[in-house]
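J.: From TrEMBL, for reference:
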REGION    A:451-494  region 'Disordered'
TRANSMEM  A:27-46  transmembrane segment
TRANSMEM  A:67-89  transmembrane segment
TRANSMEM  A:101-124  transmembrane segment
TRANSMEM  A:136-159  transmembrane segment
TRANSMEM  A:192-214  transmembrane segment
TRANSMEM  A:226-245  transmembrane segment
TRANSMEM  A:329-354  transmembrane segment
TRANSMEM  A:366-388  transmembrane segment
TRANSMEM  A:416-439  transmembrane segment
Amino acid sequence: MLSTAALLANTPPQLLPARELMAFTLASHILLVPFGVALPLITLLMHHRALRRDDAVALQLARRWSAVMAVQFAIGVVTGTVLSFELGLLWPGMMGRWGDVFGLGFGIEAWAFFLEAVLIAIYLYGWRRLKPWTHFWLAVPLPLTALMGAFGIIAANSWMNTPQGFRLDAQGNPVDVNVRQAIFTPMFGPEYWHFVVAMFMTAGYVVAGVYAVGWLRGRRDRYHRLGFTLPFTVAAILTPVQFMLGDSAARAVFHKQPVKFAAMEIVWKTDTHVPEYLFGRLNTDGTISGGLKIPQLDSILAGFKPSTQVTGLTSVPAADRPTAVQATIAHWAFDIMVTVGSLLILLALWYAWSWLRHRDLPRSRWFFRCAAIAGVACLVTVECGWITTEVGRQPWIVYNQMRVSEAVTDTRAGSLWAMLGIIMAVYVAVFGAFLAVILKMRTRWRIADEGSASARAALPPESDTPYGPRSEPEPTAAGAAPGGGSDRTSSGAS
Amino acid sequence: MMADLIAWVMVLVIAAYACAGGTDYGAGFWDLLAGGAERGKRPRWLIDHAMAPVWEVNNVWLIFVLIIMWTAFPTMFQAVFAALWLPLALAAVGLVLRGAGFALRKPTRRLAQRRIYGAMFAISSLLTPFFLGAALGGIASGRVAVGTTASADAWANSTSVLAGLLAIAATAFLGAVFLCSDARRFGADDLVDYFRLRALLAFAAVVLLALIGLPVTHSDAPYVWEGLTGGLGLLLIVLAAVCGLATVLALLRRSYGWSRYTSVASVALTVGAWGFAQRPYLLPTSLTVAQAAGAAHTLRWLAIVTVIAIVLVGPALVLLYRLDTLGELEPLTDADTRAARTPGDNL
């Protein structure tokens, strides 16, 4: 009790708004990351199919996905830029002391991202004039740049979890920096692969989910079938892989950040034969209320045998570990992530079974209902994974080296609260508008598809040449006039 | 030694952002002044078309600036973000509104919504360069030092305000010059003269502000003032002025091909002159490059990363700009993705 009070006394008032602001902006940005990282690959797979088999439906899907990508990428760029500002605005203490130790990861991310921005611009705007295969091949490095960008960011984050690659001098300042060690930290490998696969799965399930909804509403044409099957297959293949990666990541935390692991599993006292709690709440006196207790399981999961010793939260002073509330938050986030992951495995198995048996999608409506919510569930899981790793590290911003309270800016709490209010209002408006624009695009496409359904019987699906000059003169300068250009367009489509 | 090199890389990246990002901000500035929906339709159409493929790339330079700052000069990064909290926070908000406004305006098909997104984009195109310029002014005037706490004095002073206004004028100049040649490229001949006039006006504004700046900054930012009015700093400033005048001449003679290069050179040279003027300080007169430098090993690796970046990003960037100027990059239209009008669409 006393230590909690001391902890509160040491907490500067601007810490709470600074953390809320960082949490809010990161939580928002992270929802767009799966699409920045993985949507290019999924689109390219579809694009490749279109070119290889001269498949007009696939081409249409690839084009529409790239139209969505254009808006999504733009919003992702700006929310990402805000984060790099916030590292300075909110955590100048961390950047000032440790910037030269772990900053290089961001440097790698920056050039990878630069390349991604260049290539994505060429891809998005190259549909009309570039030669089909040239256009495709120019975009092929895109997924690689995305992986490289993720490499840089995860290198920085994993360093915050398991900092190394420096020595502290007498004043406690880092010296003898070794960049290679600072990038390839113990948590880097597990975190990186877990993150990357999560991004691909999420993008796959979200995109497939859109077409699953259409399927449930009775639109059972080839367009919806293809739009569902390709991304869903990518995601379903990765799901069991992710389960293994997640497991190894959790075990890496057990070995490298035992106190964080204790928070994730709400283990109070270091012990063997530790039970596993599914959900439940940790109280400040170490008791656990609610939740489902499974004897011995935590020790078994951590070290494959019940006699494995699991470090408890009380192994370090109260000031050096997450509070009961923080531990409970990390625990719930972790459990939700594991639960959703397990359910997704069942979904992937269902799909695989049906494919092996009939070479076809499952016929059950329940399958499509589950597929429709799998994307949302994945987004929730991404948030949970991030909460687990960030809240579980408390009170450290650099694990065992610097507290969050030492890194925070000196700016008054009032200014930070005001900034939080402004950013929340702006982000709600921007994300709301983004969603509205995307939904509007979908509606316009659906109307066009339904309107042309009757005409399609007589005409090939894509009557216009997919590449090169249009069959009708392009509205040039005057095309910007309302009515003129888009009128012609719509009459052409319907 | 290595620290000096990285410091120059940082100046170069800032110059690149000032030119590439600056052109974009300038386009936003003219979007703001283009008039009502009817009158401003054609300039806005041009701005949309010219900016769309390159604006994301143009703005990534800023991320590079920040990363080089915190990786190579962490103490300077900490000092700058502590002292200039408010202008930098406002610039960040401006960046969000600007990017989102521009990205969301394109796929929107209703006039009322386009107006809102357009206003978001245009107003923040004015505010963001102002605050970034004001932050630079705060640094140049020596108001930022290690340990300076956030205060209005660091950025609400005559040098900062002038630097902010100069940033706006310079971006407007760059934007108009580029839009001139874009107008010709897209065959919108009426807009060539429209933006030619604006480029000349913006240049006049730059000159006027620079002249006002001379006496105002003399006592307010003495160190940088001395550097800019003597030695290499002065040489670069003179070269920048020559390039600026060459741009004006090219515009008057309607040779728009060259005007883009000379306008970019004049802005880049000005940034370079500021770099020379501030030597050897990162934060005049309290923190030198050598004092602020981070770990030697990191600096070496940052140099390697920079070289890799140049090798990989350089050709890609050239390809993008080349395709763009050749008119190979065009947005997908409703016909390409097959979209229909929905009730309420009026664009």
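Even glycines carry a Cβ here, placed using N, Cα and C.
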J.: So, do the transmembrane segment (A:27-46) and the transmembrane segment (A:366-388) meet, by the test of 3 or more Cβ pairs under 8 Å (sequence gap 6 or more)?
T.: yes
J.: Look over the recorded stretches A:101-124, A:136-159, A:366-388, A:416-439 and say which has the most C-beta pairs under 8 A to the transmembrane segment (A:226-245).
T.: A:366-388
J.: State the non-local partners of the transmembrane segment (A:101-124) in its own chain: residues 6+ outside its ends, Cβ under 8 Å from one of its Cβ atoms.
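T.: Here the qualifying positions are 36, 40, 66, 69-70, 73, 77, 80, 84, 95, 130, 135, 138-139, 141-142, 145-146, 148-156, 159-160, 163, 165-166, 174, 177, 179, 182-183.
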J.: Which stretch from A:67-89, A:136-159, A:366-388 shares the most C-beta pairs under 8 Å with the transmembrane segment (A:192-214)?
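T.: Answer, by Cβ pair count: A:366-388.
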